[in-house]
Amino acid sequence: MSMLLEVSGVSVSFDGFKAINNLSFNIGSAELRAIIGPNGAGKTTFMDIVTGKTRPDEGRVIWGEKSVSLLKMSEAQIAQSGVGRKFQKPTVFEDQTVQENLLVALKKPRGWLAVLGYRPTVEDLGRVDALAEEIGLTDQLSRLAGELSHGQKQWLEIGMLLAQEPRLLLVDEPAAGMTVTERQHTTDILVEAAKTRAVVVVEHDMEFVRRLNCKVTVLHEGSVLAEGSLDHVTANQDVIDVYLGR
Amino acid sequence: MQRSFIARNPSVLIFLSLLALFTLVVTVLSEGVGSGLISTSFIKTLGKTLCLCLIAVAMDLIWGFAGILSLGHFAFFGLGGYMIGMWLMYERTRLIVVDSLSQTEIPPTEAEVVDAIGTQIFGVVGSSEFPLIWGFADSLTLQLMLVVLVPGLLALVFGWLAFRSRVTGVYLSILTQAMTLALALYLFQNDSGLRGNNGLSGLQNLPGVTASQDLVSLWFLWASAFALGAGYLLAAWVVSGKFGSVIRGIRDNEARVRFLGYSVEAYKLAIFTLTACIAAIAGALYYPQAGIINPAEIAPIASIYLAVWVAIGGRGRLYGAVIGAAFVSLLSTWFTGGQAPDLPLGFYTVKWVDWWLVLLGLSFVAVTLFAPKGIGGLIDLIAQRASKKETGQ
Amino acid sequence: MRHIYVAIWAFAALLISCVSLSAETADHPAIQPLLQEHQAVIAKSSRKTIGPAIDAIAGSGLPQAQKVLQVWAAKNMWMRKSDGVFFIGEKVEGKTYRLTDFDSGAVVGEFQKGDLKQLKPNSGIRALIGTALVQFQLSDPDPVARADALQSIARDPSADQLTPLRGSIASEADPALKAQKLRLERLLTIRFGASDAERISAIEDMAGDLGVDLRATLNPVLATTREAATTLPSANIAGVLIPGEGISRDEAYALLVANDLAPAQISSDDMRTALAAHIDGGRVADVPVAQLNDPAMRARAYASLAAEGKVPPLVSDADVAASLSAHVFYDRYLDPAAPVTEAAAKALKDIELKVGVNQALDLGLDALSLASIYFLAAIGLAITFGVMGVINMAHGEFIMMGAYTGYVVQQFVPDHTLSIILAIPLAFAVTFAAGVAMERLVIRHLYSRPLETLLATFGISIALQQLAKNIFGTQARPLTAPGWLDGAWVMNDVVSISYIRIAIFVLALIFLCVFLFIMKRTRLGLDTRAVTQNPGMAAQMGINPGRVNMLTFGLGSGIAGIAGVAIGLFAKVTSELGSDYIVQSFMTVVVGGVGNIWGTLAGAAMIGFLQKGIEWMNPSNTLAAQTYMIIFIIIFIQFRPRGIIALKGRAAGD
């Protein structure tokens, strides 16, 4: 299987504290992966590096079939080349309607001049309707995003990422603060999405990870501690010591 | 689903109609062509106020919509004024000089005319040489282009530097303030080429125009009203579409926009430069009505007042900016002009000339604390109530 | 009127009797014979012949000599026509004069004016007498008179003062005056020394001295005049100038014209006047007047006039070039002695190098004190902006309030030292209270909206400024520094720093220490740091964030108040005092890096030194210096967006 993203030998430190230490990580083009690890294991910093927010001190981040390095690209360029990121807290444009949120996210030319002259076509609006259907917000299209519930905002954000048509989706703790049924729905969205693209989910909640039913990578002190199925890693003594044993 | 832009934004139509009505009424009541109920000096005040409304619209675009609190937009306003002022002053001085030299026995050569103009204009700063920047001052067309190009270029360079290094929020505000301070200090120098603290004067006289000020003031009022209408329309169009979505997104959540793949810096730069150009046009219309421009006009305080107007009017609403600028600047003129009656308190008489700024400052604090949406927010509230009543019935 | 007259009369009589008394007790040889010896010359009173007489009197060594010279110069010396004897004359009334003897001091009697001849030395002679008197003043028993004499020589040096000055050195008792005399002697020798060798050795003696007086002495020695000639004369030439290099062609030609070595060029003004004078029937020569707006036609018309001999011919560029190449241009030293000018030039060059080094030192001190002022102005802001993330646009007005507090205290406590000592804590108290009130009433509600804090505090700022104007008026109020802060610490003629600036530097150091102490060693500091880093956690630990914010804000404001007292000591106290410093203060904090006192220190140092450095490069224009500094800062932010000392990583937030 060809690799979509290859992270190798990456290290980064803040004021002497090593947040990521010689981390290596690969993911294929249509794969669902969960990353777990205790607080401070470097999960969020890992996402920061892939999305270009943080520049590593050393190491390589290679992307796609053409094997381009992401390290020299800006956040916007990385996003345009197909990396979508969902933040821990739901971040949607609360002052705008659900429809506007999704329209902004649609995969269209991103330059300001093109955007200035852009007016949505019938297909675009149809695509937005389809996305709303997928994330279960069809009834809410004309509501302001700020008025949505916490779970609906999370879905809207995921919907915006899907509208972007990314090849890699990085999702940070999507289930935090959700009810059981909302979690079920979130799992469905993610599993469905992973059929056509790579999805990386950072999560604390073991039950949620179990339901995703995918390969798991355990991070600890900025590097990979174990990798494999959930049953495999939970049986690993190291993992039990640093994470599960607590 | 696809309706025309005006149909989707009824407020634009309302605003344009009101503006046209206002212009018509003022014209009818003016000294120049109408009944004379409104004095020429007040026509000028109204014309200047329209220009201030236009720069307030620009400020609302950059602050209310894109969330960048620029404390330097009066630098662009002033530069626009300087650019048109250069032509006005050059051309008017040239006519005077040619007239006076034609009295001499020998007709003047071109070099003599230019020398004489130079002495007239730069005598106050002890020079007679034309600085390089006056190279185009003899051409109205070129100088009109510079009205937009010079401030636009300054905004482009400054914005590129500032946004590229991701200076945001309060830092950016202070940096823009530093920019306008630097420009003001530079222009205060006698060898800045723009007559130091004397500034450019006599701008109210259009060269070669013999019409009275009564009439000229009306022309400028019409031009200002047209510019405000056009600027408003442009601003409304810009923010109505996806571009508006993106810049409001930048205001509310810059990181989200960035991770959606938009180059936040490019958008900021575009809107910063666009608003700088609008501000420059407003300035180019304002100073011929004011008659004089000097570096004190672009001191940091002016730009802060601009933010005050927009905040009081209600930012994020274009009509709010217009209302705020018109309301506060007219009120300011009224109070500081000494027209407001003194307020006797028995033990102390409040002279508004002295106390207006105190009142303005404190009311500004009050607006920030208790009515963050300003006057525009109030109008929204009323409009919402009204529409609710309608649907209720 | 008459009473006064009598009084003066009586006083004069008393004085004279005293003098006569002392003259009698001290039994000196009489001076009258000496005067009689030169009687003819003195009576003739001519500038040309009087020299030997004055020299004889001055050189007589008699104590009466000084008196004689003074009386003479004051036009009070009279000669009795009958015997040609000289006396001190004094008008009694009408035409009656009382004469007093020089030697005995005794009144000889009263005479009619007709019997006497008043000696009226002209200004030339009086100058000679004055010079002769210098040696007496230089040896005057009163040290103040001696110092005055030295000063008057230094102010207006001349060659003939050299000998009396030298003569007075050996007998000088006061060591300070003696040193002054020795120095002055060397300086006078440089300019007026008899031989080149003497002058050169004086120059070498003074080598490396930084005194302004030495430079003022050397510069006239090196004075040059610019001349032109057909061949280079054999004079003390400072340098040969080539037109277009050392001297512009226009200047060179003007020099030729001024020396009548070449005809003057016809300026365009001259040409126009000449043409206007020869208008004949709407034409000049054969050119119609209407065409004279073209320079080429003007030249043609003028050439025609010149050909007719009506106007001087045009000097063409070729003529100018020919004249220039036919002459040499040079700077000639006024002083003909080449070895002296050479030595002086070398000495001056050495001195200038040394002066340069010292000026750099002086500039460094200036920059240091400017940095201290910025640090003082910015430290309060660094606390509120850096530690709490609150932009306080009214910070400048707190500085102003501090300065006005100082002014008000001085109205009640006239003693300046005491009033300053009282003003500092009072200013702190006033601005602390104002700061706390502002935090409680306004800022507390805006913690989540930093941009709006900026605007709200700006509202407070304009209100406070106008309030100050209403209370204190628009004119500047004085805040006078105590006497012991007047003056400056002078290291040499180049390096000096005023005591106020030293005091401000010390105050800045104290503030730094106090701030560090509060932050590192007190409970408030600990709480503040905790609230800064994690307000939620701090609240869980039992710290009241509201109280900490309030106190921190009060502290920052209070420090601004003290800074206001300090700034008011050297700046004018006006309602705009604060706004003059606010932008620089923000710059200091932003450049230094937020949230770190060392950053503020570094920022203040950078901005202070930068501003002085730019001013040094372009000393005539402080406005330009500020402009360039702000531009530099804008560019600096490009490379270090978070300041010199920046917090890194996720803690810095985004």
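Every residue number used here counts from 1 along the chain in the order it is shown.
Positions of Cβ are set from backbone N, Cα and C atoms, glycine also.
Going by TrEMBL, these are the annotated features:
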- B:73-90: transmembrane segment (TRANSMEM)
- B:140-163: transmembrane segment (TRANSMEM)
- B:170-188: transmembrane segment (TRANSMEM)
- B:219-239: transmembrane segment (TRANSMEM)
- B:266-286: transmembrane segment (TRANSMEM)
- B:292-311: transmembrane segment (TRANSMEM)
- B:318-335: transmembrane segment (TRANSMEM)
- B:355-379: transmembrane segment (TRANSMEM)
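Segment contact is absent for the transmembrane segment (B:266-286) and the transmembrane segment (B:318-335), given fewer than three CB pairs below 8 angstroms at sequence separation of 6 or more. Between the transmembrane segment (B:219-239) and the transmembrane segment (B:355-379), the number of CB pairs under 8 angstroms, six or more residues apart, is fewer than three, so the stretches are not in contact.
Long-range contacts of the transmembrane segment (B:292-311) within its own chain (CB-CB distance under 8 A, at least 6 residues past either end) are made by residues 52, 55-56, 59-60, 63-64, 69-75, 77-79, 81-82, 85, 176-177, 180-181, 183-185, 187-188, 196-203, 320-321, 324-325, 327-329, 360, 364, 367-368, 374. With a threshold of 8 Å between CB atoms, the same-chain residues lying at least 6 positions outside the transmembrane segment (B:355-379) that come near it are 308, 310-317, 319-321, 323-324, 327-328, 332, 335-336, 340. Long-range Cβ contacts of the transmembrane segment (B:318-335) within its own chain (Cβ-Cβ under 8 Å, at least 6 residues beyond either end) map to 11, 15, 45, 49, 52-53, 55-57, 59-61, 64, 228, 232, 235-236, 239, 305-306, 308-312, 352-353, 356, 359-360, 373-377, 379.
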